[in-house]
Amino acid sequence: MKNIVILISGSGSNMAAIVRAAEQGRWGERLNARVATVVSNRADAEGLRFAKDHGIATAVVDHKGFSSREAFDEALMAEIDRFEPVLVVLAGFMRILTPAFVAHYEGRLLNIHPSLLPAFPGLNTHQRALDAGCQFAGATVHQVTAELDHGHILAQAVVPVLQGDSAEDLAARVLTQEHLMYPRAVAEFLRNLPL
Ligand SMILES: Nc1nc2c(c(=O)[nH]1)N[C@@H](CN(C=O)c1ccc(C(=O)N[C@@H](CCC(=O)O)C(=O)O)cc1)CN2
Ligand SMILES: NCC(=O)N[C@@H]1O[C@H](COP(=O)([O-])[O-])[C@@H](O)[C@H]1O
């Protein structure tokens, strides 16, 4: 069984979409893969309840409990490595990871970012797209590198920006596409793993 570990910080809606895709046999059995655990840096992350309700192990590694980013990442790696994952998925995970963490999971660390990278790395992407007058927006699944939101792009989804859109309107439209794209991108990654 190939283990996937998902990191979240909040609602975990992308994590939930991946879990549902695996459960519904769209690729779970066929690819002999499972979401082994969901780990959050926040104890109040709503996605933890979804994971528990779906029989998935959960853990909290609270970044506020560590004196440095490096110490937090080391504790996070220790928790993740208990499951010997073939893939670590960032799904609304809101901590910038250290070069040591990224190097440890190089090639098997994905993120979904709510913009059409390389446009708008970082935070507040939807408002920035609106402020820039973009006619299209979207999301990107990419390999994670030490440089923020910079790695090899695996998939992108595009949505129109509509007249009068607020950042919330745009975020909701993009999120709908994220929930379709991320499970497919994870499945494709698993299919391409060496036997
Ligand atoms: N080394 C990398 N770490 C992370 C990447 C990456 O590409 N390389 N992607 C991010 C995800 N992300 C955007 O997609 C992102 C997450 C968080 C931040 C950020 O500024 N975080 C602050 C704290 C914010 C908070 O706690 O609310 C911080 O870490 O100081 C920017 C972009 C995940 N990590
Ligand atoms: N920089 C990371 C980032 O902003 N991720 C974004 O957080 C939102 C909530 O995700 P969730 O519902 O899966 O938690 C999603 O739009 C995701 O792209």
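Cβ coordinates are placed from backbone N, Cα and C, and glycine is handled just like the others.
Unlike curated entries, TrEMBL annotations are predicted automatically.
Cross-referencing Arg34, Arg49, Arg69 with the (6R)-10-formyltetrahydrofolate binding residues that TrEMBL gives (Met94, Arg95, Ile96, Leu97, Asn111) picks out Arg69. Using a 10 Å radius centred on the Cβ of Arg69 ((6R)-10-formyltetrahydrofolate binding site) and all shown protein chains, the other Cβ atoms total 15. Taking a Cβ cut-off of under 6 Å from any atom of ligand 1, the recorded positions Ser13, Asn14, Leu97, His113 reduce to Leu97, His113. Sequence-distant neighbours of Asn111 ((6R)-10-formyltetrahydrofolate binding site) (same chain, 6+ apart, CB under 8 A from its CB) are Val89, Leu90, Phe93, Val141, His142, Val144, Asp149, Gly151. Taking the Cβ of Met94 ((6R)-10-formyltetrahydrofolate binding site) as centre and 10 Å as the limit, one finds 15 other Cβ atoms among all the protein chains shown.
For the (6R)-10-formyltetrahydrofolate site, whose binding residues are given in the record as Arg69, Met94, Arg95, Ile96, Leu97, Asn111, the maximum C-alpha distance rounds to 19 Å.
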